[in-house]
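Accompanying notes for the structure given below.
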Amino acid sequence: MCTVVDPRIVRRYLLRRQLGQGAYGIVWKAVDRRTGEVVAIKKIFDAFRDKTDAQRTFREITLLQEFGDHPNIISLLDVIRAENDRDIYLVFEFMDTDLNAVIRKGGLLQDVHVRSIFYQLLRATRFLHSGHVVHRDQKPSNVLLDANCTVKLCDFGLARSLGDLPEGPEDQAVTEYVATRWYRAPEVLLSSHRYTLGVDMWSLGCILGEMLRGRPLFPGTSTLHQLELILETIPPPSEEDLLALGSGCRASVLHQLGSRPRQTLDALLPPDTSPEALDLLRRLLVFAPDKRLSATQALQHPYVQRFHCPSDEWAREADVRPRAHEGVQLSVPEYRSRVYQMILECGGSSGTSREKGPEGVSPSQAHLHKPRADPQLPSRTPVQGPRPRPQSSPGHDPAEHESPRAAKNVPRQNSAPLLQTALLGNGERPPGAKEAPPLTLSLVKPSGRGAAPSLTSQAAAQVANQALIRGDWNRGGGVRVASVQQVPPRLPPEARPGRRMFSTSALQGAQGGARALLGGYSQAYGTVCHSALGHLPLLEGHHV
C-alpha cells in the first residue's frame, strides 16, 4: 500500500522504473510529461511519523533550498504534498549512479577520476561549511555521479546548522544520530560533548581512502571495533587531544590504545598510491578535529592542484540561519505545517525554489560569494554539454533524450567542464599545454589485456552496465510545485515487458551473460539447424 503513487504524480510524471526502496521511502526514475526532463522522484513514507522523522524531512528540504544552486550539490526541483497528508514527494535531478556502486564494481576509477571526484566533493563541502552547516552523513552512496564524472552530494536529512548553537564549545552538544559507522569521526564514536565541521573532513578522508583502496578503510563491525581499527592505524592522540574530548571519553581511548599492534595508513593502500594522496589522507584522518585540514585548506593541497581554481570554489559570507532553531525541537504538526507553508510559498512565486527577499533576492543568494553566476573554466576552455545518449543503447527512450528545459538552464550545465583540462593553481593552463580531452568515467569494467572480448563477455558487460547506469539525465533548477489542475496531453502507451525481461541482472551469475542479455534461452538456443549442417566442410571419402 505504501508504494501506491498519487494520481497527481502520475498525471505530471511518467514513471519509468523503480531505482530503490527502503524502510523509509522509494525512488523512481521518471520523465516530466510537460518538459521531457528525466528526474528522480523520492517518496518518503510517513514523513511526519514522529518528531525525529519530521525534523529530518524539514531539514533536508530547507537546506537543499539554501545550497541546491551549487553545481556539486543535488538540485531539489519539486516538493509535492501527498494526498494522504502523511507522505511527501521530493523531485530531484537525475544522476546515473553513485560512488558506492562504482567502487564496488572495481577497476573503473583511474587516478585522474579519483582526484577530480575528491576535488568536487571538497568544493561542495567548502560551500556547506562556509554557511556553518555540517552534513554529518558523507559516504560513497551519498555521492552521485554521471558518465562525465560530475559529482553531486545528496541526502541532507542529517545535516544541521551550527550557526544557532552557543559559541561556547561546552554548549555545542552532540545529538545522537544514525550515520554509517565506517565513516564516523572518533569524537562521534566516543560520544563527545561537542562536534565541529571536522566531522565531515574525517568522512571525506574515509571516502578518499576507499577510492584509493577499493574497499572501506575501517570496516568496523561494531562501535568498539570501529574505534579499535582507527586507533591502531592513525597516530595516537596526545594528552591534550584526549582532554579536549572530555573526561568520560579519555579513559575509554586510553583503554583502547593499550598495547595493540599498530599499522600505518600506507600499509592499507596499494603500493602505487601517490605520495600526494597519502599526505592528504594523513592530514584528514587526524584524531583531533581542530587539527584536520579544513575544506578550504584541502582544496589547496597538491593532490587536487590540477583542478584548483579559487574563482570556482563558492563560499557564503554569512551563516545559514534555519527556519527553526536547531536547539528547539518542534512538534510534529508544527514541522508539517512549516513544510506545507514552504510548498505554498514556492507555488506563489512562479515555481522558484526560494523565498524572495525584499529586493527579489533569495536567501540562498543574499550572502553568496561567487564571482560569476556559474563556475566554469577560463574562456579558453570549451564548454560542453552533457553527452547525448546513443540511440542504440539499451532502454533508450526518446522522451528522455531531449529536454526543452535543458536549453533554458545553462548555469546548471557547468560542472562537467571543470574536469576537462589540467590547470595550474591559479586556474590557468600551463604554458604550451594542449587542451585535454573531456574527462569521462567509463561505467563498464574493461576486459583482459589486448584480447578481443567474447560475445559472452560483451553480453555480461552490457547487462552489468544496465544495472550500474540509471540512464540519461538533464539538469534543471528551482523548486516547482506541481499544479493539479493542468492535464497534459497523453503520451502513446508504452510496450509492456514480459516477465522474462525482469531481474536479468540479478540472475546473470547463475545463467550466464548471453542468457542474461536475452532474458532467457529459447528452445532453439544451443542447437544447430539443418541448413547450417549443409555448410559444414566434409572430409575426403565421406561425400554423400
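Just so it is clear, glycine is given a Cβ too, placed from its N, Cα and C backbone atoms.
Between the listed residues Tyr89, Tyr177, Tyr340, Tyr521, Swiss-Prot assigns phosphotyrosine to Tyr177, with no corresponding entry for the rest in that record. Record note: of Thr62, Thr125, Thr175, Thr440, Swiss-Prot gives the feature phosphothreonine to Thr175, with no matching annotation on the rest. Scan Swiss-Prot for omega-N-methylarginine across Arg56, Arg262, Arg412, Arg449 and the hit is Arg449.
Counting Cβ atoms from all protein chains shown, Asp137 (active site, proton acceptor) has 22 others lying within 10 Å of its own Cβ.
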